[in-house]
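Chemist: Here it is, the structure in full.
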Amino acid sequence: MARETRSPSPVGSTHSSSKRSRRNDDYLDRSRRDDGRGHRRSRSPPRRHRDRDWDRHRDRDRDRDRDRVRDRERGRDRERDRDTYRKSDRSVDRRDYRDDVRDDTSYRPSRRDRSRPRYHSRDREDGREYRHRSRDRRRRDDSADSKSIAKRNESRDRVSSKDFTGKSREVSKPSTPAPPIAQTDEEKKAERLAKLEAWKQKQAAEKERKQKELAAAGGARSILAEIDKRSTLRQAGVSQETPAPQESESASAKKFDPKTITKNAAAQPERLSLLGNDVAVPNTTTSSEVAGRNGADSTRIAPLKPRGNVSGFGFGAKSAAELEKASHKRALDFGDEESSRKKLMKLPDPSLEDNDTPNGTVNGAEEEEDDDGDIDMQDGGTEEENAAAARAAAEKREERLQNQTVALESQPEQQPETLETDQNGSAEPMDVEDEEEIDPLDAFMSGLKDSVTVDASKYRKNVSKPKQEPEAIFGDEDDVDLKAMDFEADDFLAITSKTRKKKDLPTVNHETIDYEPFRKSFYTEPVDLAELNDEEVAALRLELDGIKVRGVDVPKPVQKWSQCGLGVQTLDVIRKLGYEQPTSIQSQAIPAIMSGRDVIGVAKTGSGKTIAFLLPMFRHIKDQRPLENMEGPVGLIMTPTRELATQIHKECKPFLKALNLRAVCAYGGAPIKDQIAELKRGAEIIVCTPGRMIDLLAANSGRVTNLRRVTYVVLDEADRMFDMGFEPQVMKIISNIRPSRQTVLFSATFPRNMEALARKTLTKPVEIIVGGRSVVAQEITQIVEVRPENTKFVRLLELLGNLYSDDNNEDARALIFVDRQEAADGLLRDLMRKGYPCMSIHGGKDQVDRDSTIDDFKAGIFPVLIATSVAARGLDVKQLKLVINYDAPNHLEDYVHRAGRTGRAGNTGTAVTFLTEEQERYSVDIAKALKQSGQSVPEAVQKMVDSFLEKVKSGKEKASASGFGGKGLERLDQERDAARNRERKTYKTGEEGEEDEEKEKKEKDKGEELFAKAASAVQSSSAPTPSATPGVPKGIDLDGKITVHKTERATPSTTGTNPLDKVGSAVADIHARLNKAGVMRSGVPIDNKGPDAGAFHATLEINDFPQKARWAVTNRTNVAKILEATGTSITTKGSYYPPGKEPGPNENPKLYILVEGDTELVVTNAMRELMRLLKEGTIAAADSEARAPASGRYNVL
């Protein structure tokens, strides 16, 4: 036979050099062939193949040097072996060679090989640990040669113990001195040689380490005596049953696995003394004898396998049954892990002794072992010594990594992975089926978790702590983990409410902060203005649209840009923009602001208020030092709407480039990450809405931006800021700014009640009013028509037709205002049907859509825009010639701002307003606006005004106050507090007060009310009536436990005439009639007596929950998870009824869920999970509704 003896000169070896170039080409082919059958020929389960990926990363650094040493020793041998093996990889000789292993049978297909390890369990044990460790080394070699060697070594490993015994001695002799042609057997035998190398290293490391430990522990004799004692005590019990796999031991030299020691000590007790000898490896049998003994004793001694938790010190004891159970339930059951950890802590702690081993000694031992040849492995001891050496080698490698750097925790975490993997690879249990059932990923993760925990305790122990203290720590950590994994569904409400809580800014104590000084006043009165007396100044102000000022020492108005005290760069930009001279508000406001005064500026729409506060801000910023890293802005501009913020930011841009400044526009609806990135790069100016500014200040614990350097604050459209609900947010932001700041307020309308509120933020302000507080510009032609509702759309089409019929108005724009979001979308649909290209904008749209719509409208892509009052402020379109109030504004200021969208910057425009007979209340403000702007009031409108005033005098109507009348955020805070109190009382957190139930019922929070229904668990009919809880329907107790009913089985009817039976039947009829109401009342068991009914059942009504909550408990994915976890049956029954509708007498009950199970426990668990899903779905529905409300007149932006 060609390959009978595996001689050093096999057939085909002469082609070694010529075929060397095929190494990389054949690698993929051989890997594919080996994948099909290689692992099964090696008697190893498929799991070993799956472990390769993380084995490769684990020991790459550790074994690379040892592999290179062996490569240098056997490099020439491999050259010939590779080529020979490649040539004869699938040859007849190979099959002949395998005949000895397979009892002279031909090569079998891979399909039959799958079950071979079950019937050759004895042969599978031979050299298993050698084989696994050799694979690891070959995998970690980066060269192509090593990869080829890895595949061949894996294939060579398929040799059974019979061949191994007969040929290993013959192979090992010529391994080192053989010429290159005579190295074939060395290459084919590389895996066994690697295994011998590994065991030799472990032995040498064991001896060297134990010498130092024995020196500190009192010598080797005490340990040997303890080993003998343990062996004799356990010998009788172990010999009567099937021996369990050997267990990987801890690093302690004082204790070994009793089962392994007992089995070996019974046969060879006299060899135990070798463990305490010198570091030199004792002489034992050759490698072939070791392999033979392994094959012969495979039924008596099982290979090593780690059955305890892998730690930084060693291994804890754990039975095979416990390991199997833990591997199957690793992800859910923490009980086994806790038990194993406690067992681990009962072992002696060798951490301090291990750390005493010098790193250099350990490394030196490894180098010494690597330099030894294959012949040195013949000095290996008995199987007992080999097992001890394996344990010691693993511990030695751990010490080496830990001694390199104790501070780095990553290496100790990786080392337990190495220990567990090595032992898994080097030792396998005898039962193949049990072995295959163990998931390698679960075993790996379990070992990693335990190892990390033990490493942490090891460092605690090094800080002079008792040895047994880590056991208590383990228990504490387990308790924490279990509690975190098993949190109640009620806790989810607290978590959700915590996430929903608005971000809050801490209160700043300005007295403790040392602000750097800054200069406010930059204005020097020109000589020509200083010569004017009071009469001339009054006449000048009258010429400038009747400027009215109030305050102390107000500067005189300027007439030219050169008198404002601005810089050269700013004046150049003004000249390029075509601003010839200041407007009325600019001529008075710029000198006042440049003087460092706080200013309230009220001017008509389109009068240039934005430039009036921007130009002084640029001069203010340029006077201060440049921004440094992580410093906040100097100028802060807050606006009520996002559109106004973007418009102000655009007006800043021409000046920013010339002055080398940066500005950031921050508003809600846009991605906050982009705004944060711009702020971190540094910006002197922030144009923002209050809500987003608070988000930015609170983001990342306040490290995104700050208000330390803010000295110039602008509130544009200030009245809207305070009455639209921004007052708490604005005051919160302003309270974080230095008190010596300069604050400027501008608006086109400023009611008296808003003025008192705004003055809280100012210091001795100068009030400037141009043309009246709430006046429409005279350039705007105002038309008010009283007409029925059904004629407004026809009149709208007529107005649009007249506008675009004129060729001069080809590029004109039209803006239509409505009062509600739904009306905007409906009017958009109607106009599109009539052929007018248009778009709509309102608070319910995304910010991206709103921005693009306004840009398209300004660019003329579509000429008609339909909007709510969200576009009434700040929208500046030069070509806008027609404004139509399709729905009349409800107060004066809104009318002024709507009409002010046209006729801007001296241009003319038209504003048409539709009034219906029912809108007498609104006619008063419109008539007032007409009078103040110098226009006549139509007769029909005046009649409506007189009629309404008569009703007010008679008490039938109440006069409406001026202004928007926003309720602010106090109402929202009150509702939130009421919801929190209701929640506390509902779940009995111990913080609830004695609030009146009826008062709490008046508080309407839809999300919390729906959530209250989430715990509608079925209670027993005999249970006492629960106490009424606010917000919870009658008969439902959130704190009541889940009651599971025992299903009644149908019994054969009896024909007796017992009076008690008649009474029972009458009661049953009454209950049946009552149940026909169709409502699944709490505590009423269902009529479920069929043969397929479960022994226990419970019901959960879901009809009144929002759609998201119902979907959460009825979708197939969630239900399947519950069914798999509990083994119950979940059925959706009944019919869905909309809110407010109740089922009729003969109709199905409301939608509910039926849960059936064999035990009360599984039904309870399923009900608890369903209730948790209901709560989450209810809260999610409430959140989504809060983020995007269905409708609303105004939106807090």
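Each residue, glycine too, has its Cβ placed from N, Cα and C.
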Chemist: Examine the ranges 296-299, 716-719, 936-939 and name the one recorded by Swiss-Prot as motif 'DEAD box'.
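Modeler: Residues 716-719 are the ones Swiss-Prot records as motif 'DEAD box'.
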Chemist: Scan 559-587, 617-645, 878-906, 1052-1080 against Swiss-Prot and say which stretch is down as motif 'Q motif'.
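Modeler: It is 559-587 that Swiss-Prot describes as motif 'Q motif'.
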Chemist: Count the Cβ atoms, other than its own, that fall within 10 Å of the Cβ of Lys609 (ATP binding site), considering every protein chain shown.
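Modeler: Result for Lys609 (ATP binding site): 23 other Cβ atoms within 10 Å.
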Chemist: Would you identify which of the binding-site residues Gly606, Gly608 has the most other C-beta atoms lying within 10 angstroms of its C-beta?
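Modeler: Answer by Cβ density within 10 Å: Gly606.
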Chemist: Which of Thr605, Ser607, Thr610 has the fewest nearby Cβ atoms, counting only those within 10 Å, among these binding-site residues?
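Modeler: Ranked by other Cβ atoms within 10 Å, the binding-site residues Thr605, Ser607, Thr610 bottom out at Thr610.
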Chemist: Within the same chain, and leaving aside Ala603, Lys604, Thr605, Gly606, Ser607, Gly608, Lys609, Thr610, name every residue whose CB is within 8 angstroms of the centroid of the CB atoms belonging to the recorded ATP site, in sequence order.
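Modeler: The answer, listed by sequence position, is Thr583, Ile585, Ala748, Arg904.
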Chemist: Across the domain 'Helicase C-terminal' (795-945), what does the mean pLDDT come to, as a whole number?
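Modeler: Value for the domain 'Helicase C-terminal' (795-945), mean pLDDT as a whole number: 86.
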Chemist: At a 10 Å cut-off from the C-beta of Lys604 (ATP binding site), count the other C-beta atoms across all protein chains.
Modeler: 28
Chemist: Taking 10 A as the limit, how many CB atoms besides its own sit near the CB of Ala603 (ATP binding site)?
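Modeler: Taking all protein chains shown, Ala603 (ATP binding site) has 29 Cβ neighbours within 10 Å.
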